[in-house]
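Taken verbatim from Swiss-Prot:
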type: BINDING; residues: Gly69, Pro70, Glu71, Ser72, Ser73, Gly74, Lys75, Thr76; note: ATP binding site
type: COMPBIAS; residues: 340-351; note: compositional bias 'Basic residues'
type: REGION; residues: 331-358; note: region 'Disordered'
Amino acid sequence: MAVNQEKEKAIELAMSAVERQFGKGSIMRLGNDEPMMRDVQAIPTGSISLDIALGVGGVPKGRIIEIFGPESSGKTTLCLHIVAEAQKRGGICGYVDAEHALDVGYARKLGVRTDDLLLSQPDTGEQALEIAEMLVRSGAIDVLVVDSVAALVPKAELEGEMGDAHMGVQARLMSQALRKLTGTIAKSQTCVIFINQIRMKIGVMFGNPETTTGGNALKFYASQRLDIRRIGAIKNGDNVVGSRTRVKVVKNKVAPPFKEVEFDIMYGTGISREGDLIDLASNENIVEKSGSWFSFNGERIGQGRENVKEYLREHPEIAKDIEGRVLEKYGIGKSGAPSPRRRTSPRRPKVAARSAAV
């Protein structure tokens, strides 16, 4: 007992010395640290099934997220939906457009308040990451999107000649930036999303030849990594009106990883929330499906998936009721944190079922 008291006294003296030298809050007991003990706060993604798969109701605040995939797979669309959801909740968002390709009209259609969005189109990778750091350090930004890592061109490469080899310059740039950013991001509770592109590794005989740009640092620092792919076309007659999209959570530090979900991205309007809702609700028998007819609370609400989507758009109160029941079923509460006793992996809706319903 005396030994324990001596140890306790020694620890208190050491903690006092640390606080004197480095300031109050530089060391503390974990149980007394309220910010560390609270539930993970999250921002919805615009897709209910993806919110459930991520385990906390969306992308977590104070963390780094990587969204990667092939061209035209929906990476920017997903990020703009996250920005729109953050703005709906009164958040301030920033967009570092290194690709110089942001479509403002499309962003508005997805619900982004472009008048309130902070936009930067930097010339170099160093400038882009410096701007990102300054915005995060302000402590006022809720979501910051960097689009994309592949477009962060180092200054040395810009000033050099075409054909010059610059081995590992971009990887070193990303590694240094993430070392500087990671602590500030956690303190400011900013969700920083990096969009990334896919490249092919040369000479890979076995395994996956795909890799992401910018080295390995982002893979380590990211709390969540989302692999987004276009897996099919949604047609209205002969016209392609959207894409069936699959997202796999390949890394997740705040919930179990490797969940997969599918949803519709409609051209011009983004993620189909109603379609996502129908798939989840019918899987859990909240909405009953008999042949091509869908029923809710014993009443038929439409024949065919597209007609039901239109019905839910016209009757938002019914859509809200169904959404509430779905979220309750999967254990996502008002705080966004899932109940540990409930299953959080959504069943994956099948593409064939969708096309048959249409």
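Any Cβ shown, glycine's included, is placed from N, Cα and C.
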So Ser73 (ATP binding site), by the Cβ count within 10 Å over all chains shown, scores 22
Around the ATP site formed by Gly69, Pro70, Glu71, Ser72, Ser73, Gly74, Lys75, Thr76, list the extra residues of the same chain whose Cβ is within 8 Å of the site's Cβ centroid.
Ile228, Arg229, Arg230
Counting other Cβ atoms within 10 Å of each residue's Cβ, which of the binding-site residues Ser72, Thr76 comes out lowest?
Ser72
Looking at the binding-site residues Gly69, Pro70, Glu71, the one with the fewest other Cβ atoms inside 10 Å is Glu71
Long-range same-chain neighbours of Lys75 (ATP binding site), Cβ under 8 Å, sequence gap at least 6?
Ile67, Phe68, Gly69, Ser148, Ile195, Ile228
